[in-house]
């Protein structure tokens, strides 16, 4: 009985701590980029789906943007299509783009939608091609060495960048109590498909919706200082300083720049969240301690 009471008391404590956050975020939109380990572990997948459904149940509006790089790589390998990367971006020729659309728009998207719906949500799967949801153009990549007088233009195929977001469609779905689940495939002016980094799509969607929060699930504990300790709260100015002094570097740079752009573009805060932690989304939103790094714009306070 004592153990049961202790467990009940812990639940009550958690709910009590969550209440002010729930009140604060009722009616607000949160854009969550879902990827990494959180998409691979069955326990974490189930927990993510429950978190999303609970958010909607208490009046918060989640919009999910998902990745799927490992799943794309697996199918390309099975089809004997070689993968090439330049600056961390997948070179996407026509054959690869077909696979990207099959995996992201089909297999991955529908599995996430199905999981959320199994837990009582009303999720709808979309790609950026649906109603021109994610408008895009070809990403221009250049490279220059000291020996070159002019930068070299590198063609990485159907890789794009976001030029616009159909917020009317997303707002209609959110107001209808649906949970949009977006595959990061954009559509060009002539109907061509583009493979776009999911972090970038999530950031642009959050910015276009003027979302309360952008949450990027990762496979790390958050932004780390040079001693390896998690930096729990930063302003955009502090993040700029950490980039300048080399604390933030390598593969984290594109993710952090995406978060910075979103906050500077009107999103109230961006979060780098440890997706390896069960119920990471709820812990970051509804508890005092959180499970990652919060980035805000000083000018908004």
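In case you wondered, yes, glycine gets a Cβ from its N, Cα and C as well.
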Which of these, 23, 24, 90, does Swiss-Prot say binds substrate at the same site as 68, 69, 195?
90
Take the Cβ of residue 68 (substrate binding site) and count every other Cβ within 10 Å, whichever protein chain it belongs to.
24
Considering the recorded sites 33, 255, which residue's Cβ sits among the greatest number of other Cβ atoms within 10 Å?
33
For residue 195 (substrate binding site), which residues in the same chain are close in space, meaning a Cβ under 8 Å from its Cβ, but six or more apart along the sequence?
90, 92, 96, 97, 100, 158, 159, 160, 184, 185
Please state whether DSSP places residue 68 (substrate binding site) in a helix, a strand or coil.
coil
Rounded to a whole number, how many Å is the Cα of residue 68 (substrate binding site) away from the Cα of residue 33 (site 'Transition state stabilizer')?
11
Using an 8 Å cut-off from the Cβ centroid of 68, 69, 90, 195, can you name the remaining same-chain residues around the substrate site, in sequence order?
67, 72, 73, 92, 100, 103, 104, 198
Could you state, as a whole number of Å, the largest distance between Cα atoms of any two of 68, 69, 90, 195, the listed substrate binders?
12
